[in-house]
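Asker: There's a structure below that I have some questions on.
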């Protein structure tokens, strides 16, 4: 395999000049885009640095440092997802767990585009460092929060850092790999999940988050930066090596000669390039629409509150203003309509949206459901929640090698969607009670396989559909759609939970005070009422009822999910970083013969011809 990996990028040096010529043409055809920025030169820097990774030694170092960085990010995310539940429980506002998740996802929608576009302008490493600073700030604020509003504020900073580090790590690995091996490289930061599910439960049990959740979060303000240092130093070293080449010196000389515009001109350019107005409109709009859905519930009659109604109406109006702005005024729209008009782009984005929507609607409350209504211990519940990641991470090296052999991904995504349907059916059947343990484990395993076949495959398909100059932008849009799906999925599950759970608890428990405790602080409730007690049985029945509604919605959403997979294109994964030939406006032009419907028709024609020949 090692010789294949080296050979996968052996064409890079010879392809640098060709890639630079293509970018040069784009530069001169888009003078308004490049005249006052370093975007063109940063892309060429990436090309030169990429050639430095031809050695097997440096490829192993890149994958290893990505693994270490991914280990820090993934372990923190896994633990913090659980600690957030204990934090909201300590504020006696556990039902607002989805509110925090929605706030995280809404913030991510805007920040993804900013990171992707600025990384082309200032470089991947600088933005990675900025994201790390946000990560540390958010971690410190969350750990010291004494109320939900303060914790949510910390979540904004933390999530800006989290999505930034993930996106920039993906872009760094994409810059230095060919399409053929792109899946293998991108999964390197995901491999820690082979270990994490088996240690996270023990860590949570030993850390005792019921009492110590604050310190458990705070320690990651220095643990994660330490895990990121190896890849930071590696990139700095490769940049130093690149600076010794003649191409680099020539590039820097050209950059100095063509540097134009002062501070004000560059700020104005960035204002339009980042589409600041569009980012603010979509972020505020989604926040106004989605967050109230997780706050309003029948018990407090907040739906009759004028503030809730006004917020929802304002969000709807702002969304239409956003669409009008993007269509009429935005010089560099968040959603480039010309690019999105091709099914090779909009179909994978639709798959991304429903993939994350289905995941978050089914898993947002999975941990408390396991603890409260399935008699799982905290260790067992943590392992089950993380089991899909373990399955995907364990199978990813073998899947990546298969992809490198076949060089196609569309059928894998279709298979992943079919697996999602089976998974949601199992979650519907095994949604609570003592006999649900094996069924939930089976559903989690299938969920892991579906995630393996769908999530990163869609990213690689989109990157294969665009040129290098568009790769960061389209990857940022893909991440935006993933967070949009996550935000809406978490909002829908939160709305169902807050609208349905209180009444079910009041109905089954017959005690208003006890119902309020079970709703606001379920972890405290289960410590007082053991498994098999009448009160616990009543709560289990309530959880089963609510989970039935949530899983029904999730199962229904797999239908449009499947429809989008059928319309995707299936570009070949070549031995280059991107397709640079057969392109038009930064999009790879593919024939329509690879449409799945055309393939099915061709299959039937082949069968009929065989029958006529007597085969």
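Heads up, the Cβ atoms here are built off N, Cα and C, so glycines get one too.
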Asker: Do you know which of 255-275, 276-296, 465-485 Swiss-Prot annotates as transmembrane segment?
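Answerer: Spelled out, Swiss-Prot records transmembrane segment over residues 276-296, not the other listed ranges.
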Asker: Pick from 93-113, 408-428, 492-512: which stretch is listed in Swiss-Prot under transmembrane segment?
Answerer: 408-428
Asker: In Swiss-Prot, which of the ranges 548-568, 569-589, 590-610 has the transmembrane segment annotation?
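Answerer: Among 548-568, 569-589, 590-610, the range Swiss-Prot annotates as transmembrane segment is 548-568.
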Asker: Looking at residue 542 and residue 337, does Swiss-Prot assign them to the same side of the membrane (meaning the same named topological domain)?
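Answerer: Swiss-Prot topology: residue 337, residue 542 on one side of the membrane.
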Asker: Summarise the topological domain 'Extracellular' (80-120) as counts of helix, strand and coil residues per DSSP.
Answerer: 38 helix, 0 strand, 3 coil
Asker: Can you tell me how the residues of the topological domain 'Cytoplasmic' (142-152) break down into helix, strand and coil by DSSP?
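Answerer: Taking the topological domain 'Cytoplasmic' (142-152) as a whole: 7 helix, 0 strand, 4 coil.
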Asker: Is the transmembrane segment (59-79) in contact with the transmembrane segment (344-364), using three or more Cβ pairs under 8 angstroms as the rule and ignoring pairs under 6 apart in sequence?
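Answerer: Contact between the transmembrane segment (59-79) and the transmembrane segment (344-364): absent, because fewer than 3 Cβ pairs are under 8 Å.
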Asker: Taking every residue in the topological domain 'Extracellular' (80-120), what is their average pLDDT?
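Answerer: The predicted confidence over the topological domain 'Extracellular' (80-120), as a mean pLDDT, is 77.
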Asker: Using DSSP, break the topological domain 'Extracellular' (462-547) down into helix, strand and coil residues and give each count.
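Answerer: In the topological domain 'Extracellular' (462-547), the DSSP-based counts are 75 helix, 1 strand, 10 coil.
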Asker: Do you know the DSSP helix, strand and coil residue counts for the topological domain 'Cytoplasmic' (208-216)?
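Answerer: Across the topological domain 'Cytoplasmic' (208-216), DSSP assigns the residues as follows: 8 helix, 0 strand, 1 coil.
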